[in-house]
2 protein chains.
Amino acid sequence: MKVAKFGGSSVANAEQIRKVAAIIQADEDRKIVVVSAPGKRNKEDVKTTDLLIELAQYCMDGNEAKQEQWLEKVVDRYAQMVSDLGLDEATTIEIRTDLVNRIQAPYKNSHQLVDSLKASGEDNNAKLIAAYFHSIGMNASYVNPKDAGLLVSDEPGNAQVLPIAYERLHQLKEQEGIIVFPGFFGFSENGTLVTFPRGGSDITGAILAAAVNADLYENFTDVDSVYAANPTIVEDPFEIKKMTYREMRELSYAGFSVFHDEALIPAFRNGIPVCVKNTNNPKSEGTLIVAEREVFDNPVIGIAADEGFATIYVRKYLMNREVGFGRRLLEILEDSSISFEHIPTGIDDTSVIIRESQLTEDVEKQIIDRIKIELQVDDVHIERGFAMVMLVGEGMHNSIGVISRASGALSRRNVNIEMINQGSSETSLVFGIHQEDAKTAVQELYQEFFSTRVLA
Amino acid sequence: MKVAKFGGSSVANAEQIRKVAAIIQADEDRKIVVVSAPGKRNKEDVKTTDLLIELAQYCMDGNEAKQEQWLEKVVDRYAQMVSDLGLDEATTIEIRTDLVNRIQAPYKNSHQLVDSLKASGEDNNAKLIAAYFHSIGMNASYVNPKDAGLLVSDEPGNAQVLPIAYERLHQLKEQEGIIVFPGFFGFSENGTLVTFPRGGSDITGAILAAAVNADLYENFTDVDSVYAANPTIVEDPFEIKKMTYREMRELSYAGFSVFHDEALIPAFRNGIPVCVKNTNNPKSEGTLIVAEREVFDNPVIGIAADEGFATIYVRKYLMNREVGFGRRLLEILEDSSISFEHIPTGIDDTSVIIRESQLTEDVEKQIIDRIKIELQVDDVHIERGFAMVMLVGEGMHNSIGVISRASGALSRRNVNIEMINQGSSETSLVFGIHQEDAKTAVQELYQEFFSTRVLA
């Protein structure tokens, strides 16, 4: 049994939905289909989810004119598909009714309204797709996450699956025909709809794959594979045919955006292989993500870069003699809910590298003041505009020379290395550099590690 | 005015003390002479301080026979010098009486006895040297730290100078003639003798240099200069003519043993230049340690390695999402009084690098258990036998290519880099490697950075 998840662009219009149907029909093991809300049909288009978020905002503002207008925009997205797919107009009416009901329902707080409207994108799309499958003679039916038992924690926009959900969902294995399941949301134990964090439909798919112990979790998107580097930075990069969960996770972390790595955790935890495939080119092999792989010649499998990092630099004479200094510094950051990425340390100074987005003006002032007063430091200041460039590969540990080659490559292009972090993870090496050097760095590192070698 | 401090080997016998007198006579600015206890006269010899520590132990054990024997051993060291220097035997008698008094004095605890006996090594040597200076017609006198106002905190073996001491000691500036001052100890506000931590006589010298605002603090030892690498590892290494405080401090930290860097802090803080010179070759220029220096061609000024490091490796899935994880980990170590050196971090794992000596069997078990239970980690284990190799130089920051050259050098000799720490200190780069590779690493790095260049 396979679980196939289709992203927003794969279910954005009638043409795409026909491709989805063909893909499902092509392999009878594809029993569970998880769908996103209709995504962009072209570069200028707006995702249905974004329309729904705006709609929710107008509802909260009490702006009835805009509310009416945006409701129509959303309904239009589905109406167009209903018409193009030759479905009965009743489907559109049902969707409109559903949206009106969601707007008018009583909620305990505005989060519930937002979550309910956001989730309607996937929910109504699943109903529509199930109706289409049915109309072309497939034995398929929509399944509601509530009925199926997808129980989650009651954190609006940040739901975490509850262990009991897996037991309940396991029964889907026995259901006859194809299941069309909306991504992105579950229900709390008191029956409230709650959405998942970023990567929501991927999460739903991974949970279902784990619950039914699928042989494969197929993640259909709009690229042929995961690439060894960002194709907008490196021309025609290698396709990665097979990689490990760890490699995927390290690369995702550094800005590889095929999907959000944490979304796949339920699949990883249960040892279910994940395959990234292209809805628009299903013949292409895709990228298989597995627990273990053989390591060939090249120690590096991928190179990624992410921007928007800042450094909190702290200097205090004799810092290294002060037991507890590091802990107290982290405590101050923790009190402002700042999580850190790396902590390079000197004798008398230490830097904490964090994501810049966490630093509002208030937070910055607060932590600087506290560090000055409570830690009695000689200097504390914040620098922004750093990028982290990451080399990832299972073959990197014990590969004498990777650091030398990588730093040599950066040196050739005059990219100064502000920070290196190596030593804990066995599958990655991180360089901190100035943001403006990020593109050059990725290009030269790609050149160094991929120009003369065939990727594993 | 200059403060000249002479280490143990410089005052170990009559011949050395004559050299000291000649050095003082050669420069009338040398007004304050700080002396250590008599050190080793040859490789097999025992330092007076070590004899005194044993003596203190026998006193505490109540072993009167040994006590008597060790007392004679100590007195003999001075008696030999008194005789060789042609001094009056009254000096020896005075020293014996002083030691007997110290043994018989009432103490609040055994720490006080130990401190008092240890400090007698410097104290009696200062009296002896003052007597010798006087005997050859120098206008010199012994000054007692208590009378001079060297006030310190009441931490036996770990005294910290009190701010008021500087005010009191400032008056030494006005005293006529040459002052002979014993190193290694001061007095607490209630009049108890307390010794300094490691590097004790260096500390005394630095405090006096700061207090009288000396033009120069001369630290006489038995080497011509500080070298760019350990001469027992690298043949005939470059002499460092001038280096900054920061460079000295970073190198000392990584096992450069000319002196203990923290000992010089009072001088550094007051901007007083320090000169390392050789009692046995006072014509040699020595190494000047200053606040700032020009940086020439070579970004690296010295290479040091220190062994005996261990890594506490901790892995937990989704660690990076858990705000507070790092802080709680450090807290557990802090509860066992463990201080850390570096913390390389991955997404799901982190390593804490510490000095191995802190890990007794009990402590190891305790922290492993707590990390397992309190942090619910997937894996925690300790690896030992690491060395830290440090490249130091004011020219290292912004010197594109240092990392590349250094890692290339290590790669040439198949030295695997287990950890790199770079990014906070601007004057050093640290590689963690296996201990057995340390010698090779230093040699090859020296070759890389010094073989074709003239040191600044």
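Cβ atoms are placed via backbone N, Cα and C, with glycine included.
Note that TrEMBL annotation is computational and uncurated.
On its own chain, B:Phe6 (ATP binding site) has B:Val20, B:Val33, B:Val34, B:Val35, B:Ser36, B:Phe220, B:Thr279 as residues at least 6 apart in sequence with a Cβ closer than 8 Å to its own Cβ. What TrEMBL records for B:Lys5, B:Phe6, B:Gly7, B:Gly8, B:Thr221, B:Asp222, B:Tyr227 is ATP binding site.
The substrate binding site annotation in TrEMBL covers B:Thr49, B:Glu122. Cβ contacts within 10 Å of B:Thr49 (substrate binding site), excluding its own Cβ and spanning all protein chains shown: 23.
In terms of DSSP helix, strand and coil, the domain 'ACT' (B:391-456) has 30 helix, 13 strand, 23 coil. TrEMBL lists B:391-456 with the feature domain 'ACT'.
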What's the longest C-alpha separation between any two of B:Lys5, B:Phe6, B:Gly7, B:Gly8, B:Thr221, B:Asp222, B:Tyr227, the listed ATP-binding residues, in angstrom? 20
What does the structure give for the C-alpha distance between B:Lys5 (ATP binding site) and B:Thr49 (substrate binding site)? Integer Å is fine. 17
Secondary structure at B:Gly7 (ATP binding site), reduced by DSSP to three states: coil
Is it possible to get the count of other C-beta atoms within 10 angstroms of the C-beta of B:Thr221 (ATP binding site)? 23
For B:Gly7 (ATP binding site), write down the residues of its own chain that are at least 6 apart in sequence and whose Cβ falls under 8 Å from its Cβ; none is a fine answer. B:Ser36, B:Gly39, B:Ser201, B:Asn219, B:Phe220, B:Thr221, B:Asp222, B:Thr279
Can you count the other CB atoms that lie within 10 A of the CB of B:Tyr227 (ATP binding site)? 21
Going by DSSP, is B:Thr49 (substrate binding site) sitting in a helix, a strand, or coil? helix
Using Cα coordinates, what distance in whole Å links B:Glu122 (substrate binding site) and B:Gly8 (ATP binding site)? 9
